[in-house]
Every structure is written in structure tokens, then in C-alpha cells.
Amino acid sequence: MHKWKSRNSGTRRIYRIGFTSLSTSTFNHSSWSWRPIQSNSWAEAERATGVGSTIGAGIYILVGTVAREHSGPALFISFLIAGIAAALSAFCYAELASRCPSAGSAYHYSYICVGEGVAWLIGWALILEYTIGGSAVARGISPNLALFFGGQDSLPFFLARQHIPGFDVLVDPCAAVLVLVVTGLLCVGIKESTLAQAVVTSINVCAMLFIIIAGSYLGFKTGWAGYELPAGYFPFGVDGMLAGSATVFFAYIGFDSVASTAEEVKNPQRDLPLGIGLALSICCCLYMLVSVVIVGLVPYYAMDPDTPISSAFAAYGMQWAAYLVAAGAVMALCSTLMGSILPQPRILMAMARDGLLPSFFSDINKRSQVPVKSTLVTGLGSAVLAFFMDVSQLAGMVSVGTLLAFTMVAVSVLILRYVPPNEVPFPSSLQEIIDSVSLRYSTGSQEVTKEKSGFHASTSMDSNLPLLGKATAIEYPIIVKQGAQGNFFINEGSRRKIAGWTITATFVGAFLLAYAASDLNLPRLLRFIVCGIGGALLLFGLIVLTCIEQDDARHNFGHSGGFICPFVPLLPIVCFLVNIYLLINLGAATWTRVSVWLIVGVLVYTFYGRTHSSLLDAVYVPATHADEIYRSSGESSP
């Protein structure tokens, strides 16, 4: 990747590995480079999007279930551990969002680092996640909303749930209407929708602060009955507390929606990492404080698994508090609904820019500056599912897309640090300019230039990108390094190969270790063998990546001056180890359903995406010369 200045403004842009075929007059398309769609968006709204997407109704429900079955009074430690695990992914997201701000989020990062095929599967899984996630959230709003009308069956007839005889279907008009309302709001503009989400999130946060303050008052007044137990703070042991962490981890899902709005943020290098970090920090603190208060008010074994917070206040004669808690739950669900629908149109837009979906999905409305057509398709699909289907059985599928995205983001950080892409695709319409630049480099100091850059122009058939699986011979200079016993020589091409294979071995080791550590029906001896092999590969990868130097090209990849993920390679390795462990433990039924969806995605990619991919006619040139080619194309355009 290579950075350059726009001819018409001071906006920083970056090349993107992957593009939509463009003429020279439209070379500033955002699929090639980043540009803000709406520069008047503000950082506070971006942070509200992250907080609102993360603080969902899970805290109002998970508290009771996890405390009764796993953690007991140690529930707040479960939330802390889950928050730390989520922070690992957040660090990786923050660096990639800062370097490569794009609407595609995890799809875009996978496209750059791993290749088009894997990126398609990630994007396809994210579509499933956001569609089912939005539908499930919408179905949960009507029961909470009904409390304000006098009871669960007290909603107006045209909004109340109705059972259709003969089809065994329970339709929910209220859920469908809410999805359509949110869709319309998102079509108005990112500024207006983030403002609405900021208001809804503020109400939700106020409700949680009320729970913390009022609950603390009751706890100090009554002596914290929930903590005076003979079994102590770990009635289910440390294993139960860790199992609770795996369950409440999904309460933190949602901060990744911040990265999907990258093209609508004025200063992505500052606002995206700050928005992700603040969203996760605020959510973790609120979750821990609420769990400390509620578990202390009522013994864990006496908590209501469905309405733990409102029933805790009711036990102390505060029935009126149930309405405030219900208001907080409704606001949390509405905020999460917006966070579920917001990212999907932007992922569809990014995939359409690369030719993997029809161009219909990449259209940007000139007035609102948002992908209105993609948003309408997303909203209508979620509304239909919310109206007809009870998506509770499909809820586990939501986690697959998120964890797959988290895993690929961690892998992408390692790739960008050790083996960043060294070629940039240009449309074939710029072939003459590429040839002229190549000729310019071949004159004068020809030999020196070739030795330093290995300049060549290739087509998509002989590119050395991971996507295409074919390597092009590129001459690298011999680099002298200082070793423990003296000087030694290492070829840069060999270093990149070693780093690439080591990253692959580390990923395989993490999978084997997580698989063996899971509660699966493996013979004991085989489990120890698999665990040993996986642990050895993981440790080998960590040692090798720690010893070898990171690629110098990482400093010129994408935007500079943004957030840098710390403790590389340790942090990304731990991140995808945790995510793989959670993926394996989702269960066979969930993976069976997801496999059907992924097979459909493979068929779509095979018969449409791959044949319409913008990479088919790409001309690849070294990233170090992309700046001059861009300037030459700008000078030649009218």
C-alpha cells in the first residue's frame, strides 16, 4: 500500500488491494482509496454508535442465567475476563480501522491480507450475523414494550403478536414495524441516525446508572444478602466462572460496527480507535457494576433468569423500578437494532465495489450520502424474518459471523506486520500509463532502480498476492543483520516466506489446541497428542515471530500516525486462540445451520462473484511506484 495526497484536497488516501474497474477520470473511487462520504460526522456520535451497539439487552437477561448456572457471586469477574478477551479483538480492530478505514470492515481487511475467497466467506457470514441479529433483537422488543400497556398481551391489535392457525407461526407486527422505522432512519443520513442512537443510548445508560445507584443504596441498607453465603464467591469453582465468561462474552459484541462506518468519519485515525476503545471500556465498567449490585441484592440461586434486575428491585418492594428497567431494556434493544442494521449495507457496498455482488448494492445516494438501496434491502430482509420467524433457535448463528471476523482481523494484523502486500492492482485502462512509468524507471539509473524495487507490471494471472496463489519472482536485496554470534545474512524474500509459513503454522496450532481443550468425545490419549502438537506449533510460531524482524513496509502501509496494536505477535495470537475456542464450542447444531449458509455463499461466489470480480483484469505493480502512477493518471485525466 502507498499513501498519497489528493489533487483537489488535503484528504489522505490509501490504495486498496482490490478495486472496481474505473476510468482515469474516476480514479478517486473509494474502493481504491479512502474518502469520507460525509465529512461533517462527529466523533461523539461515532462513540455513541459503538456504545449503543454493544450495550444491548444481554445485560438485562444474562445476569440471572449466568449467575444461577455458572458464576454465582463472582459474576463481575466473568464480565471482566470477557471484557479483556473482547479487548484483544478491539486492539486489532483499532489498528486496521486506523490504517485502512473502509466500509467493509473485517471483509475489507481479509480482502487485503488473505485474499478474495476468504474475504467473501467473511462477508457472507457477517451478512447472516447482522440479518439474524437484527431480527432477533426486534422480536425481543414487543414483550418489553407491552409492559407499558398493562401486560404482555396488552399491545394494540395491529402490533400484538398473532398466532396463525394451521401454519404454527407466531407473527410479530411490532417487530417488523420497528425494523422498518429504523431502516428509514438509517436512510436519512449517518449524522441523523447516529444522533438518534446517541439519544437512545443516553437513556439506556441513565437506566443502568439508576440500577447501580439505587441498587447500591439498597445493598448498603440491607447488608448485601447475596454475598453472605456459606459457599463463598465461587460456588461453581473457577471452571464455572470461566464458563460464565464464555457466555457473557457475547454481551460485548457490537463495537465492530464502529469500523463499518469508517468512510463516514471525519478523522478515522483518531476517532475510530478512540470510539472502539471508549465503547468497550464504558460497557465493561457498566456491566461489572450492574452485576456487582444485582448479585449482592439477591442470592444467585434465587435470581429470576428472565427478569433478574426488575425482580431484584421487586423483592425490596420497588415495583415502580420495573418500569425504569423495562424502559432501559427497550432502549437497549432499539440501540442494538440500529447497530445490527447499520453495518450490513456498508459491507454489501464494499463487496459490490469489488464486483462480487451486483453494482446495485454500491450506489450512494447523492443527498444523504449513504447506501440507501443496500439499506432498504437489508431492512426489508430483517423485517420479513422478524415478522414471520421465531429466530431464537438461530441465535447461535449470530456468534459465528462475529467470531470469524474477529479471528481474521487478528490474523490480518500479523500479516500486515510481517508480510504486507507488496503489489497494488490497477485497472487495465491505465496500462499505457503503467508502461510509461516502467519505461521512465528503466532509463537513467536502471540497474539501481531494479535492484531496489524489483519493478515489474503483471496481470492478475501471475500476481504473488495470497488470493491468487501464484508467486512472481521478485529480487530482494541482501540485508545484513547483527546476530548473537556475529553478522549473518538473510534474504528478505526468505524472511517473508518464513514469516508467512510461521503465521500459518501458528493458526493451525491454535486450532488444534482449542479443539483438544474443548469438551469433545476424543480418546484421552489422542486428546493429549493433539493438544501437544497444537501447543508446540503455537509456541514455535510465537518464538519465531518474536525473533524475526517485522517488515519495514508496514510503516508505509495505509494511513500512518494512527493506533498501533501493542504486544505483537503475542496479542493477536492470544486473540485468535480465544476466538477459535469459542467457535468450536458453539455446538454441532449451530455449525450445521451455518454450513448450509456458507455452502450457498460458495455457490454464489463460484457462479457470480468470481466471474464478475474486478481482479480479473487487474494489472499489478509494486506498491512503491503506485504514487507516481496515480499522479501520472491524474495529470492525463481531463
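Cβ atoms here come from the backbone N, Cα and C positions, even for glycine.
If you look up TrEMBL, you'll see 563-613 marked as domain 'Cationic amino acid transporter C-terminal'. Sequence annotations record features per position, and here TrEMBL assigns transmembrane segment to 48-67, 73-94, 106-127, 169-188, 195-220, 232-255, 276-300, 320-342, 394-416, 498-518, 560-584, 590-608 (among others).
Listed stretches 169-188, 195-220, 320-342, 394-416, 560-584 were compared with the transmembrane segment (276-300); the greatest number of C-beta pairs under 8 angstroms is found for 195-220. Comparison of 73-94, 169-188, 560-584 by number of C-beta pairs under 8 angstroms to the transmembrane segment (320-342) places 169-188 first.
Panel annotation: around the transmembrane segment (498-518), residues 411, 414-415, 418-419, 527-528, 530-531, 533-542, 544-545, 548, 551, 569, 573, 576-577, 580-581, 583-585 of the same chain, lying at least six beyond its termini, place a Cβ under 8 Å from a Cβ of the stretch. The helix, strand and coil residue counts that DSSP assigns across the domain 'Cationic amino acid transporter C-terminal' (563-613) are 40 helix, 0 strand, 11 coil. The transmembrane segment (73-94) makes contact with the transmembrane segment (394-416), as judged by at least three Cβ pairs under 8 Å among residues 6 or more apart in sequence.
Of the candidate ranges 169-188, 195-220, 232-255, 394-416, 394-416 has the most C-beta pairs within less than 8 angstroms of the transmembrane segment (106-127).
Here the transmembrane segment (169-188) has Cβ contacts under 8 Å with residues 134-135, 138-139, 141-142, 145, 155, 158-163, 196, 334, 337-338, 341-342, 345, 365, 368, 370, 372, 375-376, 378-380, 382-384, 386-388, 390 of the same chain, all six or more residues outside its ends.
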